Each structure stands twice: as C-alpha cells, then as structure tokens.
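Have a look at the structure below before the remarks.
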Amino acid sequence: MPGKMVVILGASNILWIMFAASQAFKIETTPESRYLAQIGDSVSLTCSTTGCESPFFSWRTQIDSPLNGKVTNEGTTSTLTMNPVSFGNEHSYLCTATCESRKLEKGIQVEIYSFPKDPEIHLSGPLEAGKPITVKCSVADVYPFDRLEIDLLKGDHLMKSQEFLEDADRKSLETKSLEVTFTPVIEDIGKVLVCRAKLHIDEMDSVPTVRQAVKELQVYISPKNTVISVNPSTKLQEGGSVTMTCSSEGLPAPEIFWSKKLDNGNLQHLSGNATLTLIAMRMEDSGIYVCEGVNLIGKNRKEVELIVQEKPFTVEISPGPRIAAQIGDSVMLTCSVMGCESPSFSWRTQIDSPLSGKVRSEGTNSTLTLSPVSFENEHSYLCTVTCGHKKLEKGIQVELYSFPRDPEIEMSGGLVNGSSVTVSCKVPSVYPLDRLEIELLKGETILENIEFLEDTDMKSLENKSLEMTFIPTIEDTGKALVCQAKLHIDDMEFEPKQRQSTQTLYVNVAPRDTTVLVSPSSILEEGSSVNMTCLSQGFPAPKILWSRQLPNGELQPLSENATLTLISTKMEDSGVYLCEGINQAGRSRKEVELIIQVTPKDIKLTAFPSESVKEGDTVIISCTCGNVPETWIILKKKAETGDTVLKSIDGAYTIRKAQLKDAGVYECESKNKVGSQLRSLTLDVQGRENNKDYFSPELLVLYFASSLIIPAIGMIIYFARKANMKGSYSLVEAQKSKV
C-alpha cells in the first residue's frame, strides 16, 4: 500500500509541472483601454496578470509625466488610484508587469470631462407684459466646452441654439451661457422656459450627456388705472367722517397703500387696506391723500384732496321748548351740545330769578334738576353754552300744573229709595284752577257741570268740588255715578288731562210689610213648642232681629234668625215678642203676644184682718192665683141649702159689719181653659158679750165641723189635681204627702 502512494504522488507532481509550463504569461487592465473620468471624481485603474506567481508591476505615463496617483500592489494585481481626478490625469497610462525574464505592458487612455450640474436660467428682471426681457441660460464648470451645445425653448418653441466650437487648447473649467431677449405677453403665463445643455461625448454611454433646467413663466402687469372713490364727499364738516376706497389693476393684484402728503412733501403712511375711513375729522385732517397700487414690478398712484370745513356747534335742550311739570314731581332739563368737544355751561332764568334746582355738567351734557317742582320753578330757563370764542343759548319754558289724584265721590248718606241725597265730587290739590271743569253723570245722563273760570293770580293748590242733590229711585240701582274732572291745557303735553271716579249706585229700600207667622198659635199650653217666623221686605234684604219686651219696657235681644223657636215653654215665656227688619235704609217692627196657659196654681184664700172676727167688724175675703193670666176667680159661701156665689172684685169680697150669719165656709175656685183649683177657709164671727146667742151650742158645733171639713175637702182637691197632672191618683200617696 505505501508503495502505491509513492507512485501516485510522483505522477501528480509531474503532471502539475507540465500544466504550469503550459500556462502563458498574460496581462489585463480594467478598464480595458479607455476611461472617461469626471474632474473631481475618484478613479482606480487596475492591472492584473496570469501565468506568473509573483509578478512585478510599474506604472508610467506615455510621455513620462507624473502619475498624479497612488499605486497599490497586491499579489497578481496592481491598482493606480487618482483622487481627485484633475487635468494632470489626462494621459495614456502604461502598466508594465515583469515575471522573471518576461515583461508585458498594457496601456489605458484616461480622458477627462466636467458636466457636474444642470443649467441655470436667469432673468434680467421680472416678466412684465409688453416689456423686453433677457433670459440667460448658464452651464457651469464644463469641459471640454468645444463639445457643448445649449438650446433655449419657450414651451415647444426653440428660441435659440448654440454650439461652442472655438478652438480651446487651454485646459480649464469654464461657464458657458446663452442669452435670448424676448417680449413676454399675457399668453405666456403658465408656459415654461427650458434650457437644455448637451455634451457630445458619443463613445461613453455611461456619462450623462444632457442636462436641462425648467422655469415656469409668471408674467406680471404693472399697476395701472388706479382709481379713488370718496364717500360722502371730498368736502366735509368738522366732526364728520369719510370713507375713501382705492382700486388698481395689475398682475399680481396690486397691494394698496394709503398715505398723506405732508407739508414738506414727504408721505405719512396711514393704512395698507383698500379702504381708508376717517372719523371725527378735524381741520388738521385737510390735505392731499395718496393711494398707491404696488406689486412686484411697479407702482401706480392716485391723489385726492380732502377739505375739512369748520362745523358750527349746535345746542339742543330737552324735553323740548316747553314742558308741563306736575307740582311735587321731579323734572330734569338737559342741555346737549353737538359739534364741540369741551363746552362750558351756565343756567339762568329769563328774569334772573333763583334757579331753585341742582346743576350737573359732564362732557357735552348739562342737566338742571328741579326736585320737587314748586311754584318757584314756573319760569323760562336758559342754557348758555360756550365753545371756544362762540356762545349759543337755548331756552325752555317750565309750566306748572297739579292734577295728582282722581276725584273723590262722597254722599251725605246712604241711597234710600225716595229720599233725597247730596252728592259731592271733590278734586284735590288742583292747579291752575281756571282751567278746571267738573262734570257729574248718572249713567250717560249729565246731572251737573261746572267750570271754574274765575280769574286768579294766586298760586296755590286748592280743592274744588261740585255738589248736587237728587232723589234716587229703585231704577237707579246698578247705574254708574261718574265724577269727571278735566284740566283744559291743550297746548301742554302731560298725562292725564282727564281723571274720573266711578261709583255704582245701590238704592236701598227701607224694610216694610214686616209680618210674623206663629205656629201653631200664639196661645199655648205650658210645655208646648212654638215657631215664630218673621218676614220683612226691603233692599238690601233686611236683617231680622228678635227681642222680647221686658216689664220695664227694655228689649232683650234673642236671635238674629228669621225663625225664633221656643221649646217646652213655660208660663214665664209669656209676653210681647218683637221682630225687627233692619237694613241701611231703616227698620220695621212687628209685635206678637205669646200667652202660655197653665192650670191655676198657688191659689191663696185669705181673710183680712183675720179668719176670726167679731160681730160688726169688716172682713175682706181675698182669693189670688199666682201669675196665671185670664183666670176666672169664683168666690162662694158654702151652705147646706146650696152655695152662694159672691160678687167679688178682682177676687176680693168685702163683708161690712159682719154678722153671725156671715160665719161659715168660704170657697175660692180658680179656673181657666186648662183646669181649675179650689181653696177654702172658715170664717168665725164671734158675737158681742151682750149677745146671748153668740155662743150657742149649735153654732159652736158647726164652727168646729166646718173647720175640719173644709181643710179636708181642700186637701182632697189638691191631691186629685196633682194626680191628674201625673196621670193617676193614689190615696196612699196622698196620705204620704200629707204626712
């Protein structure tokens, strides 16, 4: 195996030697033969060999000029770098490679040029329509310029073309240009100027040989036809205002500048607006005003002269030449000045009386305040205004009046149908009196009219009135009573000039036809109820008042309702009841007597001076019944042969010179429609001593018997009556009551 390896290696060495010997020694350059270099750029020339492991390189120019470059060798390659390229590099460079005894040489031609920038277009000025302009197209730092061609076009139109074929042996960078003069027109706006430069180096495709510049045309028109309009006029009054408007034609649109020409001829700038407004003008504002239209290529001006005339100031006084002032009010008189900035004021009366007011001046106004207005202020007031050397005066007449309130209607009393009444219409605190008229109307009918025409120089506030008497009727109800007062001062402005008061009439009718309705009756039994209703006619509807007449004649108020109701009446409720209908016009009354009937009670039967008298004495037997009206009193003397009714006066029976036969039982019966009650007594008549029969046994027995029987009968009647009142009777109860 090792033997085989030795054989193989030996064979490969022999083959390599044979291959190397077969490779020829060669030289190559990059670029191959010619190179076009831009002045200022960096250029590298490369020389390389094949067929030699360690060649030796050298560089030179064909005419043995300086290389003006840097050589770098590395292996089989050598590089010559020129940075930057200049005119010293425009040569034929030779690269020589030596390999042992063999030497090879190859050359590269370096040609230089300069065409670094696009052309530049320059105008001799702005393009103004109708005016010639020169266009210059420049190509800077060009080389070789004998190869240069410049074309100038406007739009698609070739204006000029130029080639620079002059002999140029000098090596330098030069700027070449082409100039054209033309007259622009408006139609050129938007077109373009094209400057195209060509460097004719046909063999080198990699070099930019055409450059161009483009410029859009902007054609201008210098300002012209400048016009000024003035409103309202070039002749003005001091304090007025003026507006001046300026216009100018041009392209681009001219800017407007306003200025004023000073006395020295210089211009004082005022505004950059088309409209110039001057307000509150003074005399110093007179002069020449200049408007200039200015754009990029020119200017155009127009002048106008303003004349400011002195304005006379005016004075106004308000509220007017005359004013009607109400006494007691506050009035302000104002004096105003127009056309004077700093006036001075003074006030006075036409007859130089005291002002009686307060003056306040501020700016162009002065006020005189009269507060409160009084008779001292009835004058003609003058306001004097001084402005500089001028003086003006204005007057105002202050006239007084007083008409502060509506009339007052007063009546002497209420309106009663058929009764006369006096109406008074009073106008308070009025002035002037001789201008006053008062009118009194009922509905649309004039009742009375009066004018106060008396001449009066006295200045005072007075109350004036109109009085009249009339008789109202029912038909007047609802009508309006109108008191109308007029102050006839036609040439004075004030409100109101007429005042009125209105009162609606309501005519009263006194109560009448007053009646009382009693239900069930005016005569009642004790314990019953009764309704008494009172009716009365009148306007307004009468108010009802019930009262009861007391024994002393006075009235006891009971009720204000139309109906008076008494429940469970008692005997004490008997009496005279009075119903009154009352309104503003009067009153009307009606009486009714109410009788409450009760069973007679509290009967008293007495003998005066005693129930036991002596023969010949006078005896009064009296029977009374307590507080029961319309009760019949019957006196009787009881006897076995029959009762004897005695003639009594008001329940009293008088026995004169009593005799023994007058002795006995006397009975009193009190009766009315409701019932009755009995009482009895025994009269004992004693004989005189000389009368033997006076104490007869029969008479004595009768006396004792009657003294027992009569009280017993009375008690029986009493308990029977009591039982009737309760609805039953019991002897047991009677006996208990007696005990």
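In case you wondered, yes, glycine gets a Cβ from its N, Cα and C as well.
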From C534, C623, partner that Swiss-Prot gives for the disulfide involving C579: C534
C137: disulphide-bonded cysteine as recorded in Swiss-Prot, out of C95, C99, C195: C195
Partner cysteine of C95 (disulphide bond, per Swiss-Prot) from C47, C52, C246: C47
Selected from C335, C340, C425: Swiss-Prot disulphide partner of C383: C335
Secondary structure composition of the domain 'Ig-like C2-type 7' (600-684) [DSSP: H/G/I, E/B, coil]: 3 helix, 47 strand, 35 coil
Cα-Cα distance linking C52 (disulfide bond) and C291 (disulfide bond), given in Å to the nearest integer: 92
N531 (N-linked glycosylation site) and N463 (N-linked glycosylation site), Cα-Cα, nearest whole angstrom: 57
Neighbouring C-beta atoms (10 Å sphere around the C-beta of C95 (disulfide bond)): 25
Residue from C99, C246, N365, N417, N561 whose C-alpha is spatially nearest that of C534 (disulfide bond), among the recorded positions: N561
Surrounding CB atoms that lie within 10 Å of the CB of N463 (N-linked glycosylation site), all protein chains: 10
Cβ-Cβ neighbours of C534 (disulfide bond) (radius 10 Å): 25
Alpha-carbon distance [C579 (disulfide bond); N561 (N-linked glycosylation site)] in Å: 10
